[in-house]
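What TrEMBL lists as transmembrane segment is 48-68, 80-104, 231-256, 262-286. The domain 'Type II secretion system protein GspF' annotation in TrEMBL covers 125-248.
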Amino acid sequence: MEQFKSQPKKKDIFTGIAEMVSVRFPDLKKKLKMADINETPTEFLEKLVRSGIFITVGLVVLAYLVMWETLSYDLVYKPINGILMLLAPLVIIPPVVFFYLMLYPDAAIMRRQKEMDYEIVFAGRHIVIALKSGMPLFDTFVGASTGYGAVSTEFRRIVDQVTLGVPVTQAIRDVVQYNPSKYFTRILMQITNSLSSGSDLASSLESVIEQISKEQMISLKEYSQKLTPIVMFYMVFGIIVPSLGVVLATVVFSAISGGVKGLSSVLLVEIFLLITVVQFLFLGFVESSRPKYLI
């Protein structure tokens, strides 16, 4: 029978690093639960360290390839500058990669929040209609546990807990505790308060849902007003300045050198990479800031 017992996971160097780093991030456990990531902080950090090493090596090699011409010249004729350039990627890239990967739980929380806010109003109206028709609260949760995306997943968790014997109010609090959607939390807490006070659940819940619907409409209008200056900023700094800047720089360098020397290929590659990064940052910002509601 001893051979069938589960063996504890052997610790390696990555596990040791993850355990040391996890102490520095005491809120990581809560973030992972809110992001619906079924991993312990140590397991998450262990994967992060492994991935970070491969990404860091790739970026360091890419940085050396981009700087190769300047780096080789400085190492011969300007040793101090060359050594600094040689060490710069090794010092800068690893922490940047680590903290960038540490943003994954926050991004997952935002994505989960948007997925829930997308259909929360329709799921809430489903519950209100069912309650007004005389259906018990538990049965309304069962009905809302399908057909409403991420919202249905949360209601399904409540249904599963109640089926196992957990009181409805306690099951609601357990689910709300690690839920990132303020709208979902507001609806369920209204249900809990109405159950505790004995007030009309359908009427109070309907008023909360209507208020949420109005807030989502206001959020959409604010986004449309904010989009115009963002597009203007992108047109200036993402298209006009890079295109005209490269042309003007080429003309100036050619005029200064008498047509003998212009922009080097390495510098052009660096400019192209910078423009590409600006494009992706803009598209990512627009996509992340756009509210997604089904009203």
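In case you wondered, yes, glycine gets a Cβ from its N, Cα and C as well.
Counting only same-chain residues 6+ beyond the ends of the transmembrane segment (262-286), those with a CB under 8 A from a CB of the stretch are 66-70, 227, 230, 234, 237-238, 242, 246, 249-250, 253-254. Break the domain 'Type II secretion system protein GspF' (125-248) down by DSSP state and the numbers are 105 helix, 0 strand, 19 coil. Tertiary proximity for the transmembrane segment (48-68) is limited to same-chain residues at least six positions away from its ends with a CB under 8 Å from its CB atoms, namely 14, 17-18, 21, 85, 89-90, 93-94, 97-98, 101-102, 104, 266, 269-270, 273.
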